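According to TrEMBL, the features are:
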| type | residues | note |
| --- | --- | --- |
| SIGNAL | 1-30 | signal peptide |
| TRANSMEM | 98-120 | transmembrane segment |
| TRANSMEM | 156-177 | transmembrane segment |
| TRANSMEM | 189-210 | transmembrane segment |
| TRANSMEM | 222-245 | transmembrane segment |
| TRANSMEM | 251-271 | transmembrane segment |
| DOMAIN | 404-503 | domain 'Calx-beta' |
| DOMAIN | 517-616 | domain 'Calx-beta' |
| TRANSMEM | 763-787 | transmembrane segment |
| TRANSMEM | 840-858 | transmembrane segment |
| TRANSMEM | 870-892 | transmembrane segment |
| TRANSMEM | 913-935 | transmembrane segment |
Amino acid sequence: MGSTCDRSFTQFMWKLCLLLACCTITLTLAADDESFSNSTMLKRLHEDDYDDGMLMVASRGIENNDVDEEGVCPDGLMVAAWKPQKNLSTGDRVARGLVYFFVMIYLFIGVSIVSDRFMAAIEVITSKEKEVIIKKKNGEKQIVVVRVWNETVANLTLMALGSSAPEILLSIIEMFAKKFQAGDLGPGTIVGSAAYNLFVIIALCIVVIPNGEVRKIKHLRVFFVTATWSVFAYIWLYLILAQISPGRVEVWEGLLTFMFFPATVLTAYIADRRLLIFKYLDKNYRMNKRGVIVSAEGDAALEMDQQQQTDKLAADSDEMREFDEARREYISLLKELRAKYPQSDLEQLEMIAQEQMINRGPKSRAFYRIQATRRMVGSGNIMRKIQERAQSDLNEIKAQLQRVDVNVEEDEAILRVFFDPGHYTVMESCGEFEVRVVRRGDLSGYTTVEYETEDGSAEAGSDYVGKKGVLNFPPGVDEQRFKIEIIDDDVFEQDEHFYIRLSNASDPAVLAVPKVATVMILDDDHAGIFAITQSSHELTESVGVYEVKVQRYSGARGKVLLPYWTEDGTAKAGKDYEPQEGQLVFENNETEKNIAVGIIEEGSYEKDVVFYVNIGEPTLAPDNTSNKRDAFKFFNKFFDDELAGLIQAAEQKSPEDLTEEDKMALLGRPKAGETTRALLRIIESKEFKNTIDKLVQRANASMVLGTSSWKEQFVEALTVTSAEDGGEEEGEEPTPTCANYVMHFITLFWKILFAFVPPTEIAGGYLCFFVSICAIGVVTAIIGDVAGHFGCTLGIKDAVTAICFVALGTSIPDTFASKVAAIQDKYADASVGNVTGSNAVNVFLGIGVAWTVAAIYHEAQGQVFAVQPGTLAFSVTLFCSEAFIAILILMLRRSKSVGAELGGPVTIKYISGFFLFSLWLIYIIVSSLEAYGIIKGF
């Protein structure tokens with residue numbers, strides 16, 4: 001669907017260009033009318049009430065206009081006029097005009113490509129990040145990575161400069177080219193571009209939203225502020241041209257025009273941060289059921305339901321709130337992918353999630369502008385870099401998390417002697433067992449060490465045979481073993497232990513830990529006591545299968561059955577863990593068993609739920625009958641001792657008749673120990689949590705726009721790649737189409753030329769920034785000359801050339817970018833919200849700087865900087881009137897019938913789009929008619 005939309009949109013743009021070409025021929029044929037001559041303009045000027053100084057300057061400006069009385073076009077700043085110029089037929093003029101027209105298109109492509117490099121530098125600069133320590137409400141501190149540049153400030157400064165650099169530079173360069181005289185091409189391009197952006201681009205963005213979907217402006221306060229400034233900017237132009245100082249621009253007016261630029265940025269920043277009065281504007285008022293006016297939280301639609309989510313966040317800061325929102329979105333996305341691809345492992349799903357997080361996440365104007373330009377010129381889809389970046393991020397983060405601190409190994413020169421292992425558990429009936437002593441270090445010498453047993457609860461002579469001796473380690477031998485004998489009896493007793501201690505190691509050996517071994521003797525004279533070894537367990541949900549250990553102690557005789565089952569707590573069976581129920585079978589002399597519980601991994605960022613594992617009363621294994629006597633026969637059959645008979649006889653006696661021997665026999669029955677219930681607490685996976693934190697911090701699409709080397713830039717310049725998006729499940733890259741190859745070879749000159757621009761990796765992107773803006777200035781100067789020659793050759797006024805051709809050419813990349821942003825972004829800010837700010841900045845920078853410099857120059861010469869109010873003032877007034885209507889339409893679309901600025905019901909969105917597009921057609925037609933005097937202006 002995306003590629004179909006792209007093709008339809010491209011066809012629409014080519015048809016629009018064809019329409020303009022037809023208009024060019026029509027205007028050429030109409031340009032012979034004498035009423036449009038310079039003498040008429042001079043007569044009009046002399047009729048105005050100007051002082052002598054301004055009349056002199058204004059007359060000089062008219063006399064130096066692009067077309068002199070003999071129809072000869074002057075040379076431009078960079079490009080000379082096409083010779084010869086006299087005695088040209090209409091066909092020659094049309095042919096030359098078409099050549100100039102297509103050269104302009106090629107130059108527009110070139111300036112778009114170098115603007116790609118410029119915007120990449122701006123994105124790298126404005127995407128700088130820093131670590132901020134955020135303190136949560138619970139006191140926990142968390143490090144969050146945030147951008148150094150405020151998004152609103154970045155959009156209104158460097159981003160606006162990047163997207164509008166050709167228009168701004170054209171106005172400034174034209175002023176220098178005309179020797180500090182006012183021109184129509186630069187200011188006309190700025191006003192015409194503003195009209196195109198506000199009417200055509202927004203109309204397109206409304207229509208391209210898929211049916212049934214809408215896009216809202218998220219930062220509505222900022223939009224209101226920039227919309228106000230954008231309209232005021234053009235009202236201000238009208239005031240200084242037609243009211244305050246008609247026909248001239250004074251120094252203070254130029255300076256004030258420029259100073260409105262930082263004022264726009266400051267007020268937008270205040271609105272974005274809810275400072276000053278704006279902190280009181282996020283509430284509205286309603287009438288309750290009793291008729292009392294009460295305050296209520298601001299319209300959730302105005303701020304995209306932010307208030308509902310704020311209560312759930314742990315931190316009050318904007319940085320933490322944004323981080324938590326991104327984290328929740330990542331977790332939700334991971335769950336969706338797990339449901340969609342149940343066979344994929346977690347690492348693969350994390351990579352896909354990271355790729356989609358970068359793809360779905362908020363992107364700047366620079367991202368969409370660069371993406372649109374690269375698709376247009378056959379340089380491929382930037383999403384491929386996102387895929388590579390996602391894989392790289394995940395691999396790097398996994399490597400960081402798996403990296404463990406490696407302890408410095410002890411000096412191998414030191415000879416150490418110790419037990420390995422340091423703990424032994426043996427059955428009373430084992431007879432004897434082997435103890436191992438090792439030495440580590442320099443094994444070239446001879447070493448001796450003494451050992452000796454030491455009583456604990458077990459006593460030498462009754463429970464084990466005491467022993468002491470000397471172990472000898474010849475050269476090259478790294479271990480020695482000796483045996484300890486255990487004494488077996490038929491009397492039930494508690495489990496006991498004793499120690500074996502090393503001492504008197506010969507030089508240069510030293511005793512290391514463990515130099516004392518512990519030996520636990522398990523009594524096997526009765527069936528044993530069964531208990532869970534640990535009453536509380538903490539495990540991560542990513543553990544997969546968790547084993548709960550059950551230990552048999554104080555005897556291990558006989559085959560015993562032990563029932564177990566799981567029990568819900570806050571964790572629910574089937575959701576958080578797999579329920580278990582059954583019996584553990586302990587064979588004779590078997591002392592340990594594990595209960596395996598499957599833990600279901602949900603991919604939760606924060607989780608803390610519990611459930612329980614229980615064991616019941618153990619029983620001796622029956623011999624295929626339910627008769628207790630047969631069970632003891634089974635017991636006697638396997639062990640051929642008197643214990644089973646003693647237990648059976650004791651059970652048949654009353655408590656008063658039990659002897660000490662009977663009581664001891666009853667103690668030999670299997671029974672449950674103290675810990676028969678274990679609590680299992682499931683928490684989030686630390687690795688998963690850390691992975692999410694780091695991936696969310698890296699989910700920055702800006703990082704894929706920069707380049708690290710000239711080699712990378714030249715490889716990209718010479719490579720043809722497809723502009724189509726690959727599907728999520730497709731592993732192969734799409735093949736470039738014929739159109740991709742055609743556009744690649746057409747634009748190859750520009751690609752190679754601007755590959756010489758320094759990579760963004762150098763000097764943090766600033767070197768690329770300055771070199772790119774210089775290149776844009778050079779290409780823009782050539783565009784200004786070619787546009788002037790185009791109008792001069794065909795007899796088209798600069799004002800008409802500006803609003804119909806130059807404004808359209810410089811806005812084509814923004815058109816593609818806004819269309820892609822409208823479809824891909826979940827909000828309308830990147831596609832619509834930035835249009836108003838850009839329009840205001842264009843006036844304050846493009847016209848403000850040019851007019852300030854020109855006014856200061858003329859003031860120093862003792863002259864007046866004259867600016868004809870006619871065509872420009874009329875265009876500004878017409879634009880302001882239509883801009884009010886366009887902004888009103890956007891606000892009305894936020895009502896319940898549509899609910900958003902973009903998209904909505906099919907009928908309404910097409911009506912809205914057609915109406916806005918009609919406003920642009922009315923603007924260029926009426927402005928053109930006024931420029932030729934058909935409609936009376938100011």
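The backbone N, Cα and C atoms fix where each Cβ goes, glycine too.
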Item to complete: Could you tell me how many residues in the domain 'Calx-beta' (404-503) are helical, how many are strand and how many are coil under DSSP?
Response: 0 helix, 51 strand, 49 coil
Discussion item. Test of understanding: applying the rule of at least three C-beta pairs under 8 Å (pairs 6 or more apart in sequence), is the transmembrane segment (763-787) touching the transmembrane segment (913-935)?
Written reply: no
Practice prompt. Calculate the per-residue pLDDT averaged over the domain 'Calx-beta' (404-503) and state the result as an integer.
Written response: 80
Response to the item:
The recorded stretch from 189-210, 251-271, 763-787 sharing the largest number of CB pairs under 8 A with the transmembrane segment (156-177) is 763-787
Discussion item. Against the transmembrane segment (840-858), which of these stretches has the most C-beta pairs under 8 Å: 222-245, 251-271, 870-892?
Written reply: 251-271
Worksheet item: Do the transmembrane segment (870-892) and the transmembrane segment (222-245) come close, with at least three CB pairs under 8 A (pairs 6 or more apart in sequence)?
Response: yes
Worksheet item: Per DSSP, how many helix, strand and coil residues does the domain 'Calx-beta' (517-616) have?
Response: 3 helix, 57 strand, 40 coil
Fill in: Beyond the flanks of the transmembrane segment (251-271) by at least 6 residues, Cβ under 8 Å
150, 152-153, 156-157, 219, 221-222, 224-226, 229, 232-233, 236, 240, 244-245, 278, 837, 840-841, 843-845, 847-849, 851-856, 859
